[in-house]
Amino acid sequence: DLWQFGQMILKETGKLPFPYYTTYGCYCGWGGQGQPKDATDRCCFVHDCCYGKLTNCKPKTDRYSYSRENGVIICGEGTPCEKQICECDKAAAVCFRENLRTYKXXYMAYPDVLCKKPAEKC
């Protein structure tokens with residue numbers, strides 16, 4: 001669920017998901033349109049695509065099982081939906097960590113009106 005995703009982000013990046021990732025660029029947070037602004041925003045675009053490929057799942061509310069071992073997120077047992085949601089969230093949290101050095105504070109609370117270009121396809 002979104003709370004678990006937030007905890008993954010915090011552990012991976014050391015940053016609070018709100019406000020650092022909830023309104024970043026064109027794809028972090030609710031919805032998304034246009035072209036991703038940078039590598040961090042692309043993490044959100046890919047995460048949105050990952051959620052979009054799930055069928056009959058509720059990624060924002062379905063809880064899943066995971067742990068961290070030696071700093072690595074391990075998705076645990078559960079339904080196929082729970083496992084897939086966990087893998088989507090894990091990939092995004094790791095992506096955020098890998099792109100911390102290019103994170104731009106100017107893309108926080110980025111206005112949607114500036115995300116007008118045609119959206120990329122997943």
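Cβ coordinates come from backbone N, Cα and C, glycine included.
What Swiss-Prot says about this one:
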type: ACT_SITE; residues: H47; note: active site
type: ACT_SITE; residues: D89; note: active site
type: BINDING; residues: Y27, G29, G31, D48; note: Ca(2+) binding site
type: DISULFID; residues: C26-C115; note: disulfide bond
type: DISULFID; residues: C28-C44; note: disulfide bond
type: DISULFID; residues: C43-C95; note: disulfide bond
type: DISULFID; residues: C49-C122; note: disulfide bond
type: DISULFID; residues: C50-C88; note: disulfide bond
type: DISULFID; residues: C57-C81; note: disulfide bond
type: DISULFID; residues: C75-C86; note: disulfide bond
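Less than 8 angstroms from the CB of C26 (disulfide bond) sit G32, Q33, G34, Q35, P36, K37, D41, F45, Y110, D112, L114, C115, each of them six or more residues away in the same chain. C44 (disulfide bond): 23 other CB atoms within 10 A of its CB, across all protein chains. Closest in space to D89 (active site), of the recorded positions given as Y27, H47, C81, C122, is H47, taking the CA atom of each residue. Within the set of binding-site residues Y27, G29, G31, the entry lying nearest in space to C43 (disulfide bond) is Y27 (CA atoms). Of the recorded positions D48, D89, D89 has the largest number of other Cβ atoms within 10 Å of its own Cβ. Distance between Cα atoms for C122 (disulfide bond) and G29 (Ca(2+) binding site): 17 Å, as a whole number. With respect to their backbone Cα atoms, C75 (disulfide bond) and Y27 (Ca(2+) binding site) stand 24 Å from each other. For H47 (active site), the Cβ neighbour count at a 10 Å cut-off comes to 23, with all displayed protein chains included.
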